[in-house]
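Chemist: TrEMBL feature annotations, pasted as is:
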- Gly40, Lys41, Gly42, Gly43, Val44, Gly45, Lys46, Ser47: ATP binding site (BINDING)
Amino acid sequence: MSAEKERALKLEMLRRIREQEELAARRLSSVKYKVAILSGKGGVGKSLVTVNLAAALAAKGYTVGILDADVHGPSVPKLLGVHGQAIYAGPAGLIPLIGTGGVRVVSADLMLPDEETALIWRGPVKTSFIRELLSIVAWGEMDYLLVDLPPGTGDEPLTIAQLIKGLSGAIVVTTPSDLSRMVVKKAVTFCKQLRVPLLGLVSNMSYFVCPACGAKHYIFGKGGAERLAEETGVRLLAEIPVDPRISESADAGAPFVLAFPDSEAAKRFVELAETVDALLRSQSGGGEPREGS
């Protein structure tokens, strides 16, 4: 390839990237709050927290969507009961599916021919896919878009942080274990370096409530979440207890907060939604749920 053709190709690629970024900005301009959910490591229940936060916000009357940006391990469609369904394109763009509780869902999982198909992509391909996705999804007017990110601080979180202009904030999910506390500090540093506002920490699997006597048992240790919040200077938004029925509701595609509303964990999810909503409303000057939500 001649130098002139190579230069023309690069210019065309840059033009296409700018075009996608502008389209993404226009698409997301009708979303009031855009919140990234991330974690320092896998296995902390980040997607469960995302789905239950979304369901609790929707139950308050807000229009809520989730972008499942975990390209290699998408679980949001399963958790919201739309796994196995196909997403389709309408005149306005890619139409999100409607999951349990009325939550809108977009995920790479909904574009695959079957559940065994693996996306074997390197970083640049994932970045391009997420950019394309943000530019073509017709979310419509929404109060909340939650972005469920993969564990760590790699390509997908970096792409989201750079592409979503006016990101309202980020929530970092962790557990009480020493390993989780150590790794989550990297996620906090990531947000600070990219100037993404940190809404706070959520400590998942913090304790177990005895069904017989109601006593709390801190099976992974007590006080770790408070220490982490103090060490990082980030507020602790919620401590979510362990509940064996969470896996039951996940398999059924029903957010735990809706399936077992009287449980301790469901109440903590509702409190989390109220806290996040109050924080964002105070930052933006308030506002009620959109009409028709």
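For all residues, glycine too, the Cβ spot is worked out from N, Cα and C.
Any TrEMBL annotation is an automated prediction that lacks curation.
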Chemist: Work out the three-state DSSP category of Gly43 (ATP binding site).
Modeler: coil
Chemist: Give me the sequence-ordered set of same-chain residues, not including Gly40, Lys41, Gly42, Gly43, Val44, Gly45, Lys46, Ser47, with a C-beta within 8 angstroms of the centroid of the ATP site's C-beta atoms.
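Modeler: Residues close to the ATP site, other than Gly40, Lys41, Gly42, Gly43, Val44, Gly45, Lys46, Ser47: Ser39, Pro151, Val173, Thr174, Thr175, Ser180, Asn204.
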Chemist: Which chain-mates of Gly45 (ATP binding site) that are at least 6 residues away have a CB under 8 A from its CB, listed by sequence?
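Modeler: Counting only residues 6 or more apart in sequence, the Cβ neighbours of Gly45 (ATP binding site) under 8 Å are Val173, Thr175, Asn204, Met205, Ile240.
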Chemist: Looking at the binding-site residues Lys41, Lys46, which one has the fewest other Cβ atoms within 10 Å of its own Cβ?
Modeler: Lys41
